[in-house]
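Comments concern the structure below.
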Amino acid sequence: MPVASLLPFTATPNRKSASPTSFRLTEKFILLLVFSGFITLCFGAIFFLPDSSKLLSGVFFRSSSVEAETRAGTVSDTSTGTGKDEKILEAFSNGLLSYLSTGSLKGATIVDALDTLYIMEMYDEFEAATEWVESNLDFNMNAEISVFEVNIRFVGGLLSAYYLSGKEVFRRKAVELGEKLLPAFKTPTGIPWALLNLKSGIGRNWPWASGGSSILAEYGTLHLEFMHLSELSGRPDFAEKVMNIRKVLNRLDKPQGLYPNYLNPNSGQWGQHHVSVGGLGDSFYEYLLKAWLMSDKTDEEGKKLYYDALQAIEKNLIRKSSGGLTYIAEWKGGLLEHKMGHLTCFAGGMIALGADGGPDDKTGHQMELAAEIARTCHESYARTSMKLGPEAFRFDGGVEAIATRQNEKYFILRPEVIETYMYMWRFTHDPKYRQWGWEAVQALEKYCRVEGGYSGVRDVYANTPNHDDVQQSFYLAETLKYLYLLFSDDDHLPFEHWVFNTEAHPLPVIKKQNVEIRH
């Protein structure tokens, strides 16, 4: 497909284009809109191939063929393929069919990418997706789902589509699905189960979780969506469910002020004292800050919880290497593991987002900390052969920002580093963040683009890519969206009016006259 045919508008020069280190937006958008063209083809496959209703079933459900991954934020659908034009449609179809089971909730890819289509002004595809949601999205089925995943992707995606487009179908479907999730909170403490059968309402936790515990990043990543569900439905019970989670946490002692990753929903006690700002913990901290911001800065409890947690993280987990790189380690029963995951790299953007509201005039310090974390995460990319970051990198044994274990050298198209670049660009307009983002775009094109789309790679330190033949759904929902926004004007989804959920679905700030925080 000719690149020129993908350009819906003429890009304007970067306001800082006088700088020799800056890039013109025209150069960036050419490749970013190639990505957009691929999304168009993906949606063409969904809507127009025979038996397309089968393509999307099984996402975020446990079955014999699809096991939910154990790290928060990694369950996804996939796309693999071997051709272009008509062949890419077949490839996309085959990729989904080979990964997904049938008989479960349909529509994950459509719902997860609705707002990306709208934001990128792909309105024809958005209208087709809207018609599909109206006619085919059905939650009445016997299926066990991940409450966390369905909330951030389905509920978040539907809410975002409603607020962007104003189409009533998205509000109605979001509230309907929210009601289906409420039985997950029927535990002695009100801490929700991780897994829920939509038909029976029976919940349980992951069998691998410490002592039958719920996961911090799962039960702690419901707040934004559920507050909006109360706002849109007029039902207070959605907000009450997530505010009760805070009550449970407030009663507990926190080791060194930290929140362990595991909490038993029956006893209300912590499981293993493992603490991470990456997998299993990450979005809990993000949602404390964003709950305050989304409330038009009226949720003072959320604000205090976030800044207290950040202070404990900085004291106990944040360290600087001998080479001067700031990183966030993991804490296991009081001992530090000097490892930082790709998932943890979102924290640079989070800290920047919250810096302005920091206590005791700490804004400057927190912006410096955010910039240092962004630099470390960039180094994790720069120190690989492919200029793509590993799943985790270490600071021990004489190495810095390098993966030393084979099972940590893979890259699966994750968004967190790009997310931090986007936030840092918005707050500083330092051209290096667009430079770094462009480096990532070039690496994605060179090493991850395959005939059927984009694929993860198994070893970013190798000279040639060994593809895993998997395109994660968050690549469409998050990575491409954050890249698009990195090279967009600041008034495109401005932060004073929008807050992104952890799947990059924008939700509007609830203005003060509409906010009622229940304690």
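Yeah, the Cβs are placed from backbone N, Cα and C, and that goes for glycine too.
The annotation active site, proton donor is assigned in TrEMBL to E149 (among others). E149 (active site, proton donor) has a Cβ environment of 24 other Cβ atoms inside 10 Å.
The annotation active site is assigned in TrEMBL to D282 (among others). Every protein chain shown contributes to the tally, and the Cβ of D282 (active site) ends up with 28 other Cβ atoms within 10 Å.
The feature active site, proton donor is assigned by TrEMBL to E391 (among others). Long-range Cβ contacts of E391 (active site, proton donor) within its own chain (separation 6+, distance under 8 Å): G341, H342, A403, N407, E408, K409, Y410, F411, I412, R414.
TrEMBL lists E416 (among others) with the feature active site. If you draw a 10 Å sphere around the CB of E416 (active site), it holds 25 other CB atoms from the protein chains shown.
What TrEMBL lists as Ca(2+) binding site is T502.
Here C377 (disulfide bond) comes close to H342, C345, G348, G389, E416, V417, T420: these same-chain residues lie at least six apart in sequence, with C-beta atoms under 8 angstroms from its C-beta. The feature disulfide bond is assigned by TrEMBL to C345-C377.
Here TrEMBL flags 29-49 as transmembrane segment.
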*Relative to the Cβ position of C345 (disulfide bond), how many further Cβ atoms are located within 10 Å?*
31
_Protein Cβ atoms within 10 Å of T502 (Ca(2+) binding site), excluding its own_ = 26
